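Asker: Pulled these features from TrEMBL for this protein:
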ACT_SITE  A:Asp144  active site, proton acceptor
ACT_SITE  A:Tyr232  active site, schiff-base intermediate with substrate
DOMAIN    A:2-41  domain 'Copper amine oxidase N3-terminal'
DOMAIN    A:66-479  domain 'Copper amine oxidase catalytic'
MOD_RES   A:Tyr232  2',4',5'-topaquinone
Number of protein chains: 2
Amino acid sequence: MCYYLDGTVNLYMRPIEAITVTVDLEAMKIIHFQDRLVVPVPKAAGTDYRESKQNPPFGPELKGITVVQPDGPSFTIDGSRVRWANWDFHLTFDARVGPIVSLASIYDTEKQEFRRVMYRGFVSELFVPYMDLTEEWYYRTFFDAGEYGYGLCAVPLEPLRDCPANAVYMGAFVAAQNGMPIEMPNVFCIFERNAGDVMWRHTETMIPPDLITEVRPDMSLVVRMVSTVGNYDYINDWEFKQIGSIKVTVGLTGLLEVRGSKYTHKDQIDEEVYGTLLAENTLGAYHDHFITYHLDLDVDGESNSFVKSKLETVKVTDQTSPRKSYWKVVSETAKTESDAKIKLGPDSAELLVVNPNKRTNMGNFVGYRLIPGSVASPLMTNDDYPQIRAAFTEYNVWVTPYNKSEKWAGGVYTDQSRGDDTLATWTSRNRRIENKDIVLWYTLGFHHVPYQEDFPLMPTISTGFELRPANFFEYNPVLKVKGPNNVRWPNCSVSSSGLN
Amino acid sequence: MCYYLDGTVNLYMRPIEAITVTVDLEAMKIIHFQDRLVVPVPKAAGTDYRESKQNPPFGPELKGITVVQPDGPSFTIDGSRVRWANWDFHLTFDARVGPIVSLASIYDTEKQEFRRVMYRGFVSELFVPYMDLTEEWYYRTFFDAGEYGYGLCAVPLEPLRDCPANAVYMGAFVAAQNGMPIEMPNVFCIFERNAGDVMWRHTETMIPPDLITEVRPDMSLVVRMVSTVGNYDYINDWEFKQIGSIKVTVGLTGLLEVRGSKYTHKDQIDEEVYGTLLAENTLGAYHDHFITYHLDLDVDGESNSFVKSKLETVKVTDQTSPRKSYWKVVSETAKTESDAKIKLGPDSAELLVVNPNKRTNMGNFVGYRLIPGSVASPLMTNDDYPQIRAAFTEYNVWVTPYNKSEKWAGGVYTDQSRGDDTLATWTSRNRRIENKDIVLWYTLGFHHVPYQEDFPLMPTISTGFELRPANFFEYNPVLKVKGPNNVRWPNCSVSSSGLN
């Protein structure tokens, strides 16, 4: 694929369409060249995103703002082990998938011990298919982890911009092609977030003359990595909350893949162009992002079960109540892998991983709940070759018995995959998953219809999911978290200075 | 309904079940008393949520953290008019619904003018039905705005806990029963949020030896009100983003409604109890929360249309491409109200309000997009009396032509409603909505299955939606936002002090 760099650093906005060059990377030789048709190259004007290249008028400037922790951070990092509030986990870097969170345990104040939540969690694969049939586009169905290395594409985080002032940075090492270690600086940042939200509160007005108000601000610990896979920048957050939740967020920003085109106005278009006209000669191609997480939960121990609690309408027909209906909870424990394949949709259900060997004092099985964010399912047909390779996106949820060879949802050798080594093929054995060491696989997604605001660089759009305790604790685990020592507005001598 | 206060302020955890007292509030007389059956009252122990009533062990304490704006806030408030970054809007208080955001416009740096986005937006109604058929519970199907006053139930926000250190507070006045004004202090707080997120970024590695990194941190302006309707605390945020988005979030916390019960262990239960056993003699009742927003968008002018852009799979059968499928966008403009009734589900669609009279230079209609968060639909049957009254929850999305009498989705006199004055009845006229001043109604919801973590007080759970520009601007409206003047870690003399 060829791009024209003149007049901009935003090469992705200047595709030289319909030229294909095939290179033998072993021999470093061009072995095929094709110039199929002539398409205008989009202009450079308006594509550069660097501040130094912008002309006035500029947007309104905001006054400085920062976060202050006068006594330092509340977390400690000891090698790869991170401890913060009630959490204790390991954070390591993997060239294929980036951050791996492992051995995540939470301190139970009641039981006075750490209890395991997750053995290991990471992004297993990403699938980014473009919806364009033309010769230079039909094959653009990327697997960002297996083909490029989601960790290898990690970029150095920019202090004070990618992460706030109170962030701590960590580097990583990867092996070069010659086997020598290469340091990647600042691939992770870790910081405490104080976003101004409320962890819990209540005001009681029913006991006059008292007015009881009890509020706990929300604090969390964020682990961030940014992976820039060519044009796209993925912002990956693992966020640990005192209430026991692990919240995973992925933000998409960076540059679209655009197609060069003869069109300069929508009214000229009378054919399928597979995208939105974003600027003159520039079509933002329709595409999807699916991100599949490997979540090896060990809820209070290794042996877990997957429970789907469906909310079902019950009709009342016997005149015992003035009501004609209500809903009840019908829980089903998945016996085998096929029971746990779920396409999320309008059906109302709670999805839980429980430990069937441990119960609360009340007799409820201890568990964690998956709360999905934005849900998307593939719109390509199942017999389409890229979709066969990405069959792991067919369901939003899968559960497998732990198997150390089943880490990569798209197969070990994704580049060469024909779809015979994916999560979909593994689960076709329909193994037993009840009361076993199980892995929860969750796929989130976006269908991306570009809009002009995405040109020449996209504002971040985010989604994610939450793993939240569900009868894991005997009662609210943050009831006994004291209110913070409020740091009052400090009297500061501040150095305000621009970076540029 | 009776509660026992002894030993706790958490009266909601000590229901005296099955006693019903009917009071004539005009005469201030008890006109009916019933003690239907004897049910154990749950214990007081473990229910109080005040810090002063907790015994050790306490959860881990975190070091102080705060936000600093050495040069002050970047917003101005002039009466009810708020200006921040590229936004200009009015904020007023309404006893029925709380915050009303009106005349929200955004500055277009390219066009050098403010452009209208929303004429008026507010919570129109809330519906909270409990799923319990027993005599003292079947009727608990609350309409929090129409029956209680979502604004009247606003509570004074606690500085440094409900809102961060950089927040500014506003009060409001309501009319007392005798017509005299009553001041409600601190009902709103307004603050700039710097949560450590990224507004946009890109790192370019493809132009060696340069490594280009350009990052803009995300800043937003939050308007918050907390409404405590009896047991539940709703945290309402309207958040304005520089990228042009209005993000609405509602967080649920406070106290559950629980039912007294003879049960002290799950294994004893062999009947339908309509809830989760949370503690001894304490059942957390299953229920729903539906929150319906009235969003009178005026996208770049009054006359707007509602467009549903469906993403449809196209099968490729003619061998023109190695691909067998792709998806395309099929846009339909709603002509009448019935075209715009939408139950959100697995169908992939983009929902837009566009101005059919204004186009970008590229010819796209200027628009805003509704991005839903957590979606829930009613599980009660349509012929159930409470659901007839709450028929406005039947669809997640409705669009009506503006009518000044159609503000309250559950009718003007909700208390007395029999379902003949709701959004559902208004739209049965099937009025024309194309290229008119239209109102978008959006209902978000939770089905709440309580877990033990929700006892005796629930950690906040949040959802919301986003209104995001979609071909409203010619290009990314924050491309020309300069990087912030980074406030470097300040040298502060800080007073750390606890509040208690």
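Glycine is treated like the rest: Cβ placed from N, Cα and C.
TrEMBL: automatically predicted annotations, no manual curation.
Just so it is clear, the model here is predicted, and its values are computed rather than measured.
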Asker: Does DSSP put A:Asp144 (active site, proton acceptor) in a helix, in a strand, or in coil?
Answerer: helix
Asker: Would you report the average pLDDT that the model assigns to the domain 'Copper amine oxidase catalytic' (A:66-479)?
Answerer: 96
Asker: Between the Cα atoms of A:Asp144 (active site, proton acceptor) and A:Tyr232 (active site, schiff-base intermediate with substrate), what distance do you get, rounded to the nearest Å?
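Answerer: Here the two Cα atoms lie 10 Å apart.
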Asker: List the residues of the same chain that sit at least 6 positions away from A:Tyr232 (active site, schiff-base intermediate with substrate) in sequence and have their Cβ under 8 Å from its Cβ, in sequence order, or write 'none'.
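Answerer: Residues satisfying the criterion: A:Val128, A:Asp144, A:Leu252, A:Thr253, A:Gly254, A:Leu255.
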Asker: Using DSSP, what's the helix, strand and coil tally for the domain 'Copper amine oxidase N3-terminal' (A:2-41)?
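Answerer: The domain 'Copper amine oxidase N3-terminal' (A:2-41) comes out at 3 helix, 17 strand, 20 coil.
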Asker: Across all the protein chains here, work out how many other Cβ atoms are within 10 Å of the Cβ of the residue listed as 'active site, proton acceptor'.
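Answerer: The answer is 24 other Cβ atoms.
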